[in-house]
Amino acid sequence: MTQSSAQGTRLDTQRTIRAPRGTQLRAKSWLTEAPLRMLMNNLDPDVAEHPHALVVYGGIGRAARNWECFDKIVEVLERLEDDQTLLVQSGKPVGVFPTHKNAPRVLIANSNLVPHWANWEHFNELDKQGLMMYGQMTAGSWIYIGSQGIVQGTYETFVAVAKKHFNGDAKGRWVLTGGLGGMGGAQPLAATMAGFSMIAVECDESRIDYRLRTGYVDKKANTLDEALAMIADTDRPISVGLLGNAADIFPELVKRNITPDVVTDQTSAHDPLNGYLPLGWSMEKAAQMRQQNEAEVVKAAKASMAIQVRAMLDLQTRGAATLDYGNNIRQMALEEGVANAFDFPGFVPAYIRPLFCEGIGPFRWAALSGDPEDIYKTDQKVKELIPDNPHLHNWLDMARERIHFQGLPARICWVGLKDRARLGLAFNEMVKNGELKAPIVIGRDHLDSGSVASPNRETEGMLDGSDAVSDWPLLNALLNTAGGATWVSLHHGGGVGMGFSQHSGMVICCDGSDDAAERIARVLHNDPATGVMRHADAGYEIAKRCAQQQKLDLPMLNAELAKLK
């Protein structure tokens with residue numbers, strides 16, 4: 001079945017897209033084969049949430065604007081020369097221009113609106129007319145690797161929660177959350193890796209079943225009583241996907257006087273039209289109402305979010321460690337009259353910012369060969385190059401044992417400024433000498449230390465009050481372009497929705513060449529260095545010390561850095 005409109009063909013149930021494997025090229029070089037394979041990988045049915053609709057994750061986060069645009073992007077990448085650059089505007093290939101061999105092969109801008117018009121209402125009107133596409137973060141930038149992409153960040157957060165609130169011991173404790181989509185689906189596995197049990201409330205049964213199949217959740221429950229019994233009846237951490245609505249289950253726990261140890265949420269609350277099921281509605285009713293009365297859906301969804309947030313606040317008052325996990329649900333509740341919605345913190349200022357100050361964030365890579373052995377060899381190389389980090393080694397061991405690859409084999413690994421370029425150069429050398437069967441691509445989430453401005457998430461509560469300053473991700477994208485990343489993206493609205501974030505991404509191909517080594521050395525140093533720069537500029541001492549140790553040239557801070565011991 002296909003569905004076409006002014007938007008072009010957005011639904012085609014006859015299509016199954018998978019990235020090519022092996023060393024046979026469809027494009028003219030690995031520098032254009034890499035974005036081709038990663039675009040296709042984003043739409044692999046083992047990777048994407050709704051591949052037939054081009055939706056990768058995060059509500060309506062798409063890889064291409066419509067199927068006509070997808071086909072044309074593929075066609076262009078197959079013919080693109082190594083001195084040309086393809087421009088993609090909100091999922092639509094709009095131009096090919098002469099550049100040079102060290103320039104990016106693809107430059108992408110997704111979902112960007114002039115600030116006064118940067119809201120869901122205006123975006124949705126443009127989207128209906130086929131003029132825009134929501135790229136989320138890694139959906140429209142072609143570097144989504146399935147739920148693994150956020151597992152380690154979520155794991156690091158839960159480990160930090162255990163350290164801060166429970167003396168580092170999560171045994172016998174449990175987390176309540178909502179949402180098992182592409183991002184939220186990482187929560188159950190991350191929680192059990194960190195030693196917590198978890199009840200994850202999800203209204204779409206197919207998503208629970210998918211997480212069961214891929215090993216991200218342990219069990220499914222149809223009632224709250226059943227879920228509570230499951231986590232009580234075990235000596236080991238266990239995760240349960242509970243079929244229900246978070247706006248119903250969270251208040252029910254308050255009513256029953258049952259207080260989880262930790263409370264958070266990863267529903268797609270950032271998009272009230274497409275991402276959150278109103279209380280009392282069926283999935284079918286919501287789908288029908290989205291066609292008939294969008295305003296009513298948004299109104300009902302935001303009212304339901306307010307109910308959920310009030311319950312989260314009540315549970316916080318009763319002693320639960322409560323945190324916002326970056327979906328902007330507090331903002332939605334605030335707009336619905338929950339004046340104290342921001343009384344519980346976001347996860348970045350509460351637990352992650354010290355890592356950002358050292359440029360540490362979600363470094364990821366994928367094996368274009370399709371062979372898992374290439375990833376296992378790179379895992380070992382990471383251990384060799386970073387021998388004195390048992391926490392990182394433990395993560396890599398757990399990842400190999402417990403994480404199922406989705407699509408092309410890939411790995412996520414939080415490392416910082418002092419290590420990223422070293423790892424990239426080592427991977428490139430492994431390709432050069434034949435240790436790996438084909439090139440590797442290295443990218444990251446847009447959720448990183450220097451690549452995002454998001455006052456309700458990554459840049460919440462900055463020391464100098466610069467939460468909303470979005471010059472930083474723009475500079476990051478420009479620098480990665482100048483440095484020669486293979487493709488660079490600049491997006492708006494990812495994670496927290498329209499009007500609340502701007503962010504940039506980069507991917508670089510390790511094809512084993514000497515030219516690639518030069519590009520890798522530049523890009524994988526500069527990219528995390530912008531994060532250290534951004535946090536040092538905001539006044540964070542950890543970032544200043546890192547800048548001094550890594551010999552960054554920060555003109556307004558150099559005199560101060562020179563005095564640090």
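Glycine residues also receive a Cβ, built from the backbone N, Cα and C atoms like all the rest.
The NAD(+) binding site annotation in Swiss-Prot covers 58-59, Gln136, 182-184, Glu202, Arg207, 245-246, 266-270, 276-277, Tyr325, Gly495, and the record cites sequence analysis as its basis. DSSP classifies Ser268 (NAD(+) binding site) as coil under the three-state reduction. Contacts of Ser268 (NAD(+) binding site) defined by a Cβ separation under 8 A and a same-chain sequence distance of 6+ are given as Gly58, Gly59, Gly179, Gly181, Asn274, Gly275, Tyr276, Asn327, in order along the sequence.
If you look up Swiss-Prot, you'll see Cys413 marked as active site. Taking a C-beta cut-off of under 8 Å and a sequence gap of six or more, Cys413 (active site) has these contacts in its own chain: Gln152, Phe363, Arg364, Val382, Leu392, Trp395, Leu396. Taken residue by residue with DSSP, Cys413 (active site) is part of a strand.
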Would you count the other C-beta atoms found within 10 angstroms of the C-beta of Gly58 (NAD(+) binding site) for me? 29
Which state, by DSSP, holds Ala246 (NAD(+) binding site): helix, strand or coil? helix
